[in-house]
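Only one structure is covered here, and it is reproduced in the block below.
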């Protein structure tokens with residue numbers, strides 16, 4: 001329980017506060033529209049009025065939040081600022097995309113409630129206009145504003161129209177349609193299957209957020225939903241005058257015709273500050289994108305993985321960070337995130353890019369990956385870099401014992417960490433708090449081992465020379481091979497080094513028994529906090545997080561950290 005609180009306590013608290021604020025705003029605004037000011041509006045609309053306005057308030061709140069988790073530079077600044085005060089608080093920033101998704105789902109929910117309620121409202125407005133019975137209060141209220149120079153209450157001004165025409169001829173209707181269509185496209189294109197397989201679709205449709213926010217700001221300018229003004233309310237109280245509607249404004253009557261007005265637009269007050277922050281964020285990105293980046297080396301690895309080694313003036317990084325890369329010759333609009341695989345101690349920064357889609361394939365070809373001859377430096381494409389940005393892996397040196405778990409290309413953040421650890425060790429850096437690293441690499445096929453195995457071979461040889469073989473323990477798993485399938489392969493390749501990776505450590509087959517691994521580490525390192533770092537699929541993350549909770553005891557605690565992109 002204690003470790004669950006350490007891992008998830010603050011996250012749960014933040015989510016509960018956010019849900020509580022949503023509930024508070026919904027309930028507060030629901031009851032705000034049950035006051036006398038809105039009595040006559042409720043005569044026409046009933047409780048559908050409150051059901052439309054309550055989610056609108058919650059929408060404003062969530063639209064205020066939606067941009068903040070994607071302000072990468074702001075988050076990196078906050079992460080560095082609060083890191084020294086609270087590691088737990090800094091770790092919450094690594095869940096920025098998860099929170100961004102939750103806020104988006106909440107926006108979708110409140111939008112749906114808001115739309116359904118307003119569909120009922122327009123039907124009620126239309127019914128009041130169609131029922132031409134002067135003995136009904138609804139008819140009298142609908143006639144206010146017709147030939148008497150008073151503001152209307154019913155926005156449908158004639159019985160010869162319909163809600164669809166009103167929807168496409170009013171500011172509220174047009175902006176509402178634009179907002180809804182933009183939101184539908186943004187959310188549907190964000191599905192995992194589309195984002196992974198058709199990233200360009202996800203990228204372009206996500207920029208419909210510009211239309212969404214413009215529509216949101218202007219949505220309330222038509223002031224279609226109106227309530228009684230305070231001045232009119234003081235003169236003609238509904239509880240006294242509602243039953244005397246046939247005598248409104250007549251000589252001798254104490255009740256005048258009520259005057260109505262809509263609330264001034266307020267959405268801009270909620271979203272202005274986040275929009276300014278986001279504009280500043282984009283300006284910083286534009287500035288960075290115009291800084292000169294030089295590709296110093298291109299390495300084509302056998303497993304169709306492209307390594308770019310680059311330099312940029314003033315570039316400074318930490319282990320495990322990532323950058324966004326743009327290649328104008330491929331696309332001037334698309335930016336893609338890649339983990340840095342170089343160490344801070346090296347005089348360049350690098351990224352390993354697996355060729356899996358149109359953009360990466362075109363970059364691969366632009367760098368000469370499809371040619372046999374070496375590409376001359378002046379022929380290499382220009383690239384722009386935004387970053388670096390912080391991730392959970394930055395905290396790796398804050399733990400005495402560390403578990404690194406990478407799956408497939410998810411091993412890239414740990415390349416930077418392992419390199420940096422080695423540099424610190426050979427330089428006898430006394431500030432290194434980490435004393436032991438357990439590294440696990442899970443790959444489906446042998447081809448995925450090729451580029452990273454070179455680094456491990458180098459580290460293995462250097463550690464043997466320095467007599468530091470106990471510092472790093474690593475296990476490589478070939479997950480799609482079972483032990484019996486690999487037996488024949490091993491018989492014909494009995495050698496000191498592993499036949500697949502060339503390492504002294506033999507490749508294991510199948511999936512790790514995480515329960516045994518965690519138990520062994522807990523036994524070997526009593527009284528420590530073990531940092532568990534994962535870059536891999538969500539299913540593996542759930543499994544490791546569960547192991548962290550179940551194996552944490554009074555003297556050993558496993559703290560789970562996961563990369564998020």
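Backbone N, Cα and C define each Cβ position, glycine as well.
TrEMBL annotations: computationally assigned, not manually curated.
The domain 'FAD-binding FR-type' annotation in TrEMBL covers 282-395. Per TrEMBL, the feature transmembrane segment maps to 12-31, 51-71, 102-120, 165-189, 201-221.
Confidence over the domain 'FAD-binding FR-type' (282-395), given as mean pLDDT on the 0 to 100 scale, stands at 83. Within the same chain, residues 18, 21-22, 25-30, 32-33, 96-97, 99-100, 103-104, 106-107, 109-111, 113-114, 116-118, 120-121, 209, 213, 216, 225, 266-267, 270-271, 273-275, 277-278, 281 sit at least 6 positions outside the transmembrane segment (51-71) and bring their C-beta atoms closer than 8 Å to a C-beta of that stretch. Between the transmembrane segment (165-189) and the stretches 12-31, 102-120, 201-221, it is 201-221 that has the most C-beta pairs under 8 angstroms. Look at the domain 'FAD-binding FR-type' (282-395): DSSP puts its residues at 24 helix, 39 strand, 51 coil. Same-chain residues lying 6 or more positions outside the transmembrane segment (12-31) and placing a CB less than 8 Å from one of its CB atoms are 50-51, 53-58, 61-62, 65, 92, 99, 102-103, 106. Tertiary proximity for the transmembrane segment (201-221) is limited to same-chain residues at least six positions away from its ends with a CB under 8 Å from its CB atoms, namely 63, 67, 171-172, 175-176, 178-179, 182-183, 185-186, 189-190, 194-195, 262-263, 265-268, 271, 275, 333-334.
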